[in-house]
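Have a look at the structure below before the remarks.
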C-alpha cells in the first residue's frame, strides 16, 4: 500500500492537494477529491493542467502538462479544516512522458543523478538556514500616481515613542540588536514555537529556533539537513508553514532579503557535503579538517560565484542585502568559523559532520535551482581541481582597500548576476542538468523584473531631486 493511500485511510482524508514550484520559486496548487488517489493508476497518469498559465513555461499552443505526484512527499496539511493530503509533484511533458525541462524540481533531480555519474559521490546533503521577518502589517503600492511601502511592527526600534493599544511596554530589540534575546524582548517566541510544532507535525526535524539580529521581528528556524531534492521540498514546506502560522496569528511574514533599510537583511546560508558509500568525502586532513575534494568544491563555488548569484540571489532586493556592514558576505573567500567570508567551514564534533557553508544565498532563491547550481559549481571545481587558494582567516569587513580589491566579490546587482550567468553557464549544462533553453528563459523572466525596478520612479528620488 502506498504512503498516500495509507494516510488517506488512516486519517479519513477528504482532499488531496497537488503542489509544484514554478521558475521563480512560487508554489502553486490544485485540490481534488481524495478518492482519485485511490485509483490504481493515479501515480502513473497524474493530473493534467495548463502550463501556459505559469510564467516562463509553455506557450498557449502547447500548454497541456501533467502533474505527477511523488508518493514519498505525502503529508497531512495542518492548516485545513477538512483532512487534506499534500503531494509534491513533478512536471511531465505529455508528448514524451519525461520530466519537463524547465521544471525546477526536475533540474534538482538531474543534478542529483549527475553527481552519481561523476563517481565523486552518490549523495549530496543540503542544510539551508532561511531567515525571515514577521511584521504586524505591511502596506505598499506602485502605480503611476506614486509608490510607497510602510511597515508596522510593535517591536520595531522606531516604535519606542508611539501609542500602542494596551500600552507601550518598551521592550524591543534595537537596530542590529535582536540576536538571541529572551522574552519579552523576543516578541516572537510563541509564534515561532507554533511554526516549529507545525513543521514537526509535517515530518521535519526542528533543531533550533530564535530571534535574529535585525529589529522589527527577524527570525530563524533551523531544521535538520536532508538530501538535495528532499531539502528543497522541505524549504517550500517551511515557507508555507511560516506564512500560514503568521496569518493565523493575525500577522504577516516575508522572506524578502532586505525589507528594512539600515538593518541586517535575511540570508539563506546553505550547508553542503557529499557522501560516497556512506562516507563523508569532505572530511580529511587539510585546512579545518577538510579533504582535497572539499577544497576543490569550494574552489568551484568561488570561481562561479558571480554566475551562481543569478540563482542564489535572484531578486533586485537581494543586492540591497549584499553590501558591506550588515553581516552579509560579499567577499568570495573561505575560512574556518569566519562569518565575514562567503564560504565558512563550521566547527563540528565529528568528521562525519564536516561540511562547507555558502553564506551569500538568500531566501528569495528557488531552492531547487539554488541547491542544484551550487552542487554543479562545486562538482566543476572537483573535476577541474580548482583550488581556492589560501584561507582568509581575518575580518574581511575591515580590510584596507588595496587588500580588498584583490579578493573577488559577489555581484552588485541582479543585472550583473544575470549577465554573469549568461556568459558563465557552461558548468551548469554539464550532463544536461540545466539546459540552455531553461537558462535563456530564466534570464528573460528575471530581466523583466530588473528592468521594471530599474526604470520605476523611486520615492527617494523625490527627496533627492524634486527641488533641483
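Placed from the backbone N, Cα and C atoms, the Cβ positions cover glycine too.
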Out of 39, 44, 357, 402, which one does Swiss-Prot list together with 129, 269 for Mg(2+) 1?
357
Which one, 201, 220, is listed by Swiss-Prot in the same Mg(2+) 2 site as 131, 212?
220
Swiss-Prot L-glutamate site partner of 264, 265, 327, 339, 359, selected from 321, 352:
321
Please compare the binding-site residues 271, 339, 344, 359 by how many other CB atoms fall within 10 Å of each one's CB, and tell me which has the fewest.
339
In sequence order, which residues at least six apart in the same chain have a CB under 8 Å from the CB of residue 131 (Mg(2+) 2 binding site)?
212, 218, 219, 220, 255, 266, 267, 268, 363
Taking residue 273 (ATP binding site) as the reference, which of 265, 321, 327, 357, 397 (the recorded positions) have a CA within 10 A of its CA?
357
Between residue 397 (O-AMP-tyrosine) and residue 321 (L-glutamate binding site), what C-alpha distance do you get in Å?
14
Once near-sequence residues are set aside, which residues in the chain of residue 357 (Mg(2+) 1 binding site), 6 or more away, have Cβ atoms under 8 Å from its Cβ?
269, 270, 271, 272, 343, 344, 345, 346
Round to the nearest Å and give the CA-to-CA distance linking residue 352 (ATP binding site) with residue 129 (Mg(2+) 1 binding site).
20
For the Mg(2+) 2 site given as 131, 212, 220, which other residues of the same chain have their Cβ within 8 Å of the site's Cβ centre?
129, 130, 132, 210, 211, 213, 218, 219, 266, 267
